[in-house]
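What follows is a short report on a single structure.
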Amino acid sequence: MSSLISFIFLFLFSSITASAQNTFYLYHNCSVTTTFSSNSTYSTNLKTLLSSLSSLNASSYSTGFQTATAGQAPDRVTGLFLCRVDVSSEVCRSCVTFAVNETLTRCPKDKEGVFYYEQCLLRYSNRNIVATLNTDGGMFMQSARNPLSVKQDQFRDLVLTPMNLAAVEAARSFKKWAVRKIDLNASQSLYGMVRCTPDLREQDCLDCLKIGINQVTYDKIGGRILLPSCASRYDNYAFYNESNVGTPQDSSPRPGKGGNSSVIIIAVVVPITVLFLLLVAVFSVRAKNKRTLNEKEPVAEDGNDITTAGSLQFDFKAIEAATNCFLPINKLGQGGFGEVYKGTLSSGLQVAVKRLSKTSGQGEKEFENEVVVVAKLQHRNLVKLLGYCLEGEEKILVYEFVPNKSLDHFLFDSTMKMKLDWTRRYKIIGGIARGILYLHQDSRLTIIHRDLKAGNILLDDDMNPKIADFGMARIFGMDQTEAMTRRVVGTYGYMSPEYAMYGQFSMKSDVYSFGVLVLEIISGMKNSSLYQMDESVGNLVTYTWRLWSNGSPSELVDPSFGDNYQTSEITRCIHIALLCVQEDAEDRPTMSSIVQMLTTSLIALAEPRPPGFFFRSKQEQAGPSIDSSTHCSVDEASITRVTPR
């Protein structure tokens, strides 16, 4: 916010309610950079605009929001007013009229102005302000009273989450308005209110409210923030007219006034409640029996679906609360699937929340696939799925929180890579290998990951690797060894030749990706980059093969290691990696063999041949080998490509 004015404000007028007829002035802001003269066309247009806003018919004020324009460019004036939803049309008209009469006194020569009152907002500008987000020139007002019987850090958490939930509700509503009652304890409650101008898009309203809500310090018993496009407030009394807005969502229902209405409510609600409870009991028993049956039945080759993971389902409101309504500051990263946020469940457990982008056409299938696949996996080198949410348009995965981000964050940063010496990197290579072996052989299902890369390897507190992002994974049947697809997904730099060119994938496809990953871990360089040697240019795999052929594989080693590594150990890892990236899938080792090769040096290694996607020099192109370089891309992003058969 460019010009937020912040100060402590004692609420001396706490007895004023939304139904009060007296208009209570709060604050105004004038644009001192653009002015007009008293006899100008703009001055005439502004007076016309203000007069029209204050002389509408009664029905116009009942909506609580109106816009208007006067004149032609460059002297056109656009204006609007917004009244609180809980005030009557008479109070709205009174407030707007009062504001109009004060406008030219408070901002006599300014082309832009915004005026805040307890019951309404008035705004005008020489720019188009309709359906346009503006968070400049706001004000933060705060009570001088401290919270009672609640620690300040607890108080902030108690208030912030409901206010963010109210912001989401307001952004989705037609009137862009929401209230909340927040119970601090058995005897203390707070009341919250958020609002936007109804012309804003849902996302603009939510962004505006989040900016405002997070400007408040929440260390006092009451506070509010006023912005041109939105406002929010909380206090320890009902400062809005509850009868006009309905009971706040978090509060308990109050008893009705009429005896007949109470009888009708009891007569209708009790039978419905009993019927509902009976249905819940029946479906619970059936669901339990179904889960028991599913545990006993063998897994079909293609019969897995998201319903088998029903016990993992989260409520969307719980996820919103955990992430503070997907607060931008909690964002951990973003990919083709969507955004990932850090969250804290009500139990105190930290989680990573992966939210499917609503514009992602491919993400919906990958979402259901990831739930089905990961829900069945348990291994120390695989990220753990805690649950999911499938509610309306929302598709969310909840994972264990892994604090050290992904491997690429360390490998390809000149400063961060210093935290990964060779001992740690060797440990990471072994952990990744064991994780893939579990997917291929040791789990109940045979799973091909199809998108193994540094960005999908997370590191925990002890730098142990955890394979993540199973959106592209495929489950193989009992005797299935390979599959074909017209929909090639993954990351080109890590794809095996047979998969990238023909859509054929198998366990050996993951082995190829693992080989590329090992070379990146050893060198600290990206396979997608180009490297020059002997007047020839190639990717990391090509560069490694040339070094190997010249008898100088140690030149691949990350200089950040210094002399703190065993040459024989690193050379063996390079050798294993080259075996993994062989052009012919049959020439690549299995993951079980790779784990054994990494575990003991007693196993002899085969001599590697030129790898797949090998960039050949002019001299090499003269040979009989087929040049595969035309099929190689340096794109790092996970892609989906449909190929004709």
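Any Cβ shown, glycine's included, is placed from N, Cα and C.
If you look up Swiss-Prot, you'll see 1-20 marked as signal peptide, on the strength of sequence analysis.
Among the features that Swiss-Prot reports, N-linked glycosylation site is placed at Asn29 (among others), with the record citing sequence analysis. The secondary structure of Asn29 (N-linked glycosylation site), as reduced to three states from DSSP, is extended strand.
The Cβ neighbour count for Asn39 (N-linked glycosylation site), using a 10 Å radius and every protein chain shown, is 7. Asn39 (N-linked glycosylation site) falls within neither a helix nor a strand when secondary structure is assigned with DSSP, and so counts as coil. Taken from Swiss-Prot, the feature N-linked glycosylation site applies to Asn39 (among others), supported by sequence analysis.
According to Swiss-Prot, the feature N-linked glycosylation site maps to Asn57 (among others). Spatially close to Asn57 (N-linked glycosylation site) yet at least six residues away along the chain is no residue at all, judged by Cβ distances under 8 angstroms. Following the DSSP three-state reduction, the secondary structure of Asn57 (N-linked glycosylation site) is coil.
Taken from Swiss-Prot, the feature N-linked glycosylation site applies to Asn101 (among others). A helical conformation is recorded for Asn101 (N-linked glycosylation site) in the three-state DSSP classification. Around the Cβ of Asn101 (N-linked glycosylation site), the number of neighbouring Cβ atoms within 10 Å comes to 11.
What Swiss-Prot lists as domain 'Gnk2-homologous 2' is 135-239.
DSSP gives Asn185 (N-linked glycosylation site) a coil state; it is part of no helix or strand. Asn185 (N-linked glycosylation site): 10 other CB atoms within 10 A of its CB, across all protein chains. Among the features that Swiss-Prot reports, N-linked glycosylation site is placed at Asn185 (among others), with the record citing sequence analysis.
For Asn241 (among others), the entry in Swiss-Prot reads N-linked glycosylation site, with the evidence type sequence analysis.
The annotation N-linked glycosylation site is assigned in Swiss-Prot to Asn260 (among others) on the grounds of sequence analysis.
Over the domain 'Protein kinase' (326-603), the average per-residue pLDDT in this prediction is 88. Swiss-Prot lists 326-603 with the feature domain 'Protein kinase', giving sequence analysis as the kind of evidence.
The feature ATP binding site is assigned by Swiss-Prot to Leu332, Gly333, Gln334, Gly335, Gly336, Phe337, Gly338, Glu339, Val340, Lys354, with sequence analysis given as support. All chains included, 11 other C-beta atoms sit within 10 angstroms of the C-beta of Gln334 (ATP binding site).
The phosphotyrosine annotation in Swiss-Prot covers Tyr399 (among others). All chains included, 22 other C-beta atoms sit within 10 angstroms of the C-beta of Tyr399 (phosphotyrosine).
The feature active site, proton acceptor is assigned by Swiss-Prot to Asp451. If you draw a 10 Å sphere around the CB of Asp451 (active site, proton acceptor), it holds 25 other CB atoms from the protein chains shown.
Marked as phosphotyrosine by Swiss-Prot on the basis of similarity to another entry: Tyr499 (among others). Around the Cβ of Tyr499 (phosphotyrosine), the number of neighbouring Cβ atoms within 10 Å comes to 26.
Taken from Swiss-Prot, the feature region 'Disordered' applies to 616-645.
Distances between the Cα of Asn185 (N-linked glycosylation site) and those of the recorded positions Asn241, Gly338, Tyr399, Asp451 are shortest for Asn241. Among the listed glycosylation sites, namely Asn29, Asn241, the Cβ with the most fellow Cβ atoms inside 10 Å is that of Asn29. Minimal Cβ crowding within 10 Å, among the binding-site residues Leu332, Val340, is found at Leu332. Cα separation, Asn29 (N-linked glycosylation site) to Gln334 (ATP binding site), rounded: 37 Å. Spatially, by CA atoms, the recorded positions Leu332, Gln334, Gly338, Val340, Asp451 include one closest to Tyr399 (phosphotyrosine), and that is Val340.
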